[in-house]
Structures are given as C-alpha cells and as structure tokens.
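Quick look at what Swiss-Prot annotates:
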- 18, 22: Zn(2+) binding site (BINDING)
- 19: active site (ACT_SITE)
- 169-191: transmembrane segment (TRANSMEM)
- 345-367: transmembrane segment (TRANSMEM)
- 388-410: transmembrane segment (TRANSMEM)
C-alpha cells in the first residue's frame, strides 16, 4: 500500500508541476486555458476562475492535464439536431450553452442545433419551438459539456495557433523546464535535510563510526592522502585506488596513509566485503555553508541530468528494451524507495522529474520536444506548417509513443514477474 501511495504521490506531483508550466506560460502568451485538471477520469470538483479557466479535481489521482484553446483536438463539437439549452445575457447574446441535459437555469431557452460557430463568427442557429432562430454568442460564453464540466468557448484570437511564435515555444518548453526546477528544489530539500552538500573535491572525508578505518583508530579529522601506491586527492581518486588495490584479491589488506595536524602516518586496514566490493567505511565530506548548499542543488541536478543524457545516448546507439522502464518499473522503483525512508523518496522524486523533463524534450512530435521543433521550423519559415501536415506528424508521433509504451510495459511485466 505504501508503494502505491508513493507512486501516486510522486507521479502526481511531477505531472501537475509539468502541466502548471504549460498553464502559466500559455496564459502569459494570451492563450486561453479552458481547463486545468488535477487527476483523471470523472470530475468531483469544478470551479471557473475569473481568468476563464475551469479548475477541476478528478477522481483518479494520476497526474493531471491542461486544455488549451486550439491545442490538439480540443474543440467543441455539436452534432446537428443536438438538444441544448441557452442562457441569454441582458444584451440578448448567448452566455452559456448547456449540453449536459441537466437543468441549470430556469429561464434557459431549449434549442435543437442546426448550425454553430464558436471560433470566428460566434453564433448558434437552431429550432426553438419549431421556429428557426439565430443568436449571437458572447466572446466569453461557456459550454457545459456532457459530463457537466463548464469551460469557455475558444474564439480564434485566444487559440494556441494565434499566439506569437515565442509564446508558443515557451509554452511548450515550460513543462520540461518545470520538471528541472522541481528536481533542483527537491535536491535543495535533501541537502538541507542532510546538513550539507557532499564535498567530492577534497580528501577530507567523513570517517564512519563502525567502518574499517574507524576500527583501526583513524580519527574523523584525518585526511587520506594515499592508498597503497596511489595518491588520493578527492572522492573519485579514493574509489579508483580502492578498486585497483583490491582487484582480483580475496580478503585484501590496504596500506592507508593519513595526514593529521601536519604529520603523516600509515595504517593497515582490512576493508569490509560488501557483495564483492571492498569498503573502507568513509563518506565524502560535507559543505554546510549556505552558498555551497544553494549551489549544490543546481550541481546535483546537473550531474543527474548528464547521467540521464549519457544513458539516453547509449540507448540510441545500442537499443535495448531492458534499459527502458515504463510505469511498471517506475512503480517497482517507487515501492523500493518507500521502504527506505523519506530521503530515498525525495531522491527518487527528483530523479524521475529530471528524467521526465529530458524525455519530454526528445523531438518526437507527440512530445514537447517535437512541438518545439515545429515552433523552430515555423520561426525559420516565417509561417506555420499546414494544419493537416502538423496533424499527421503529431499522429505519427502518438503512434510511435503508444507502440513504445506497450512494448516497454510488456517488457517490464515479463522482466519483473516472469524471469
């Protein structure tokens, strides 16, 4: 149960933060956000803000989404003959079109729709008591959809397609950008919880109380300057020295040179065997000043992003489904993190957020990266691609993503449960 809750919480936070990036910059770019939803499925709460956005909470706590006017297939479709009820404003214009069948307004006018245009000419036409009538529709009118969600109509001037090229580009980039920001913030929280940021650039290490070095009397304040014949100047050189000195050896002993108060001495240590790796019982030192901790959030996030990019590069040149993880693998990892405490959950949250940010920047049309490529092409050509071409390109991207997701999920299930 804890694993399920952790998965829902981590995935939910990441998706909502991602979608909020699209939401915020869409509004700044003059694009109408028709709905900002937390969760999926049937709605359990809805509120229309003064900004015209419907804020909804939906029953399945799995992420969320934004509906931008003119983005994708977000259009209002009314079939000929559909019964609706119209609420009129004082000036005679329609301010609400109710498609839900529920009675929301005692004075609403029933109509069977024969024609409508909510994008350009803003009118609705149909039969009212067997008489055909046409009504002008207010620019900020709302539509009550079949499930009861009330959203603004989407006239052309507030649609995604009519934003500036830079407005569209930043709107598409903002989702992944928020994922990177979330990663940095969570790493900050971790660093402050741990009392500082790891200092891997010095040979002043933290000697663990029950470790191999502590058992031979090495004090916490000592510096490790040499292991065997290998100089030690930082954390990486210590790791390499231990691995080199213990390679192909059983129960090895190490000659460790330490420096304390200006004098050097050598101690002989028997490292602890941990599943084939030999440990001295040391950790990197910690920088606890505010500036180091602040910068540490950025550097830790950057290091994580570089590792993910390196793994992605290897995957491109050496494709292997076993190197990919879908929802099942993420659930398994979240369950493992939940068993090991809040710090592991936070680390998992930061890493997955950065991972999703990078993944979304891959130039596949269905992803934000693909949309950004289309924005760049539009900027170069000084005109957008034809809507039909953009639709087909996006559809191809969706097909690729669906096939990949099915393959990865199937591979996850087979790998985790049947091997």
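A Cβ is built for glycine as well, from the same backbone N, Cα and C atoms used for every other residue.
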Problem - Under 8 Å by Cβ from residue 18 (Zn(2+) binding site), counting only residues of that chain that are 6 or more apart - result: 175, 176, 178, 179, 356, 357, 360
Practice task
For the residue listed as 'active site', write down the residues of its own chain that are at least 6 apart in sequence and whose Cβ falls under 8 Å from its Cβ; none is a fine answer.
Solution key: 36, 63, 64, 65, 66, 175
Exercise for the section: Write out the long-range same-chain contacts of residue 22 (Zn(2+) binding site), meaning residues 6 or more apart in sequence whose Cβ is under 8 Å from its Cβ. Expected result: 66, 68, 171, 172, 174, 175
